[in-house]
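According to Swiss-Prot, the feature domain 'Obg' maps to 4-161. Marked as domain 'OBG-type G' by Swiss-Prot on the basis of sequence analysis: 162-332. If you look up Swiss-Prot, you'll see 168-175, 193-197, 214-217, 284-287, 313-315 marked as GTP binding site. Annotated Mg(2+) binding site per Swiss-Prot: 175, 195, in sequence order, evidence recorded as sequence analysis. Sequence annotations record features per position, and here Swiss-Prot assigns domain 'OCT' to 351-432 based on sequence analysis. According to Swiss-Prot, the feature region 'Disordered' maps to 466-516. What Swiss-Prot lists as compositional bias 'Basic and acidic residues' is 466-491.
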């Protein structure tokens, strides 16, 4: 199978890097107790950027490797060390590349060297526990996870940036003409559809330098997909002028140059968007006797239509100087009317769901679905293996008003609550805490609903239970034995009791006091 050398349309799957995770760490140093949290933040993931490179003329590289991924961000570390930034992935594309989504919606038109489009943003790094510390939460035992980077499919379509476009039937001599007026060396042969890909040539006429595109041959029905023209008509959309190259030497029975020009014009009209471009007509191959005669028959009719007609020969060079200077005049006028293109940087940002702070709650057969930029981002940042992190999420959702909204809409304890899009939603059981308007007595970052399962709470509860069991099993004799004192014969208990000051029951009484 032949390997393509020119590709002007590809579907590219791009993935930005994931942000690094924050870390929960406590400062430890000799003679410095209670050093406090020192967990660093995760680094942001790398982004995917398309950049116009004048040295790139095809999308062939992305045809062979259609999946591209940027680097992930590094994780945070102790001692306030932040994770490394993921390296951005820069993909060079030809000048004139159009970027769209798989549904055909235009995202950007990249024109001008250095123009950039950030198609996929890297994920933000998670915060370490040092950044989460506050007056009420002095030593968080958790950190936030890094967010995933953007991942999407885009369609790259090349529309050659040329000043002049050559159009005509197959074997009209377009490739020979561009080879004669420039240093381009396209494939030339005496059979139709020799040219299978557009050829670009740089032409100089006086002080003006411009580019000419040789489009593969058009036939009737090209705008509907016949022949090769349908795939390459896009390459003349940016041209300042269109030159009809008409073969005057090898006319088939029933055909003439005027009819050929009308067929091509009809296809350009049906393709659309080219009606306002100036037209030039190059009657080619006049070096052949029959060609010169036929050109003489049709030149007046074409000029009566208001067309500028040139009798040329790509083989001998006849008429090429006049043709190229006419092209240069049109190009100069078009450039003067068009502002200069400066390199720009475009960033694609997916639209937020109902604004950055807003959220929606919808009843579904599966439960209650919550959508919103903040709730969905908070869920992605949460480490669900850490109870304190889950409590922090519950606190944030409560403060945002999610629990209050669910209660107002009739949600009951135990109902399923789904946060996020249907494909990646996280499911919770609705367990309402305190009212959102009431004061939250637990520390921020902790949740009373999870307090009993925390390790510190379990240890405290075990000690309390052991002390209670021991107290119940001790008798007064056990207490006396533990205190190394004999049990009182009267059965009285050791410990606080009433007594007369100076009497024998006074704990400060001594035998020497009797002598006084």
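Any Cβ shown, glycine's included, is placed from N, Cα and C.
Since this is a predicted model, take the numbers as computed values, not measurements.
Mapped onto DSSP classes, the domain 'OCT' (351-432) shows 30 helix, 18 strand, 34 coil. Of the binding-site residues 174, 285, 174 has the largest number of other Cβ atoms within 10 Å of its own Cβ.
Residue 171 (GTP binding site) is surrounded by 18 other CB atoms, counting those within 10 A of its CB over all protein chains shown. When averaged over the domain 'OCT' (351-432), pLDDT in the model lands at 85.
The CA atom of residue 175 (Mg(2+) binding site) is located 9 Å away from the CA atom of residue 216 (GTP binding site). Over all protein chains present, the Cβ of residue 168 (GTP binding site) has 24 other Cβ atoms lying within 10 Å. Counted within 10 Å of its Cβ, the other Cβ atoms near residue 175 (Mg(2+) binding site) come to 25, all protein chains included. Cβ environment of residue 313 (GTP binding site): 284, 285, 286, 287, 319, 320 lie under 8 Å away, each six or more residues apart in the same chain.
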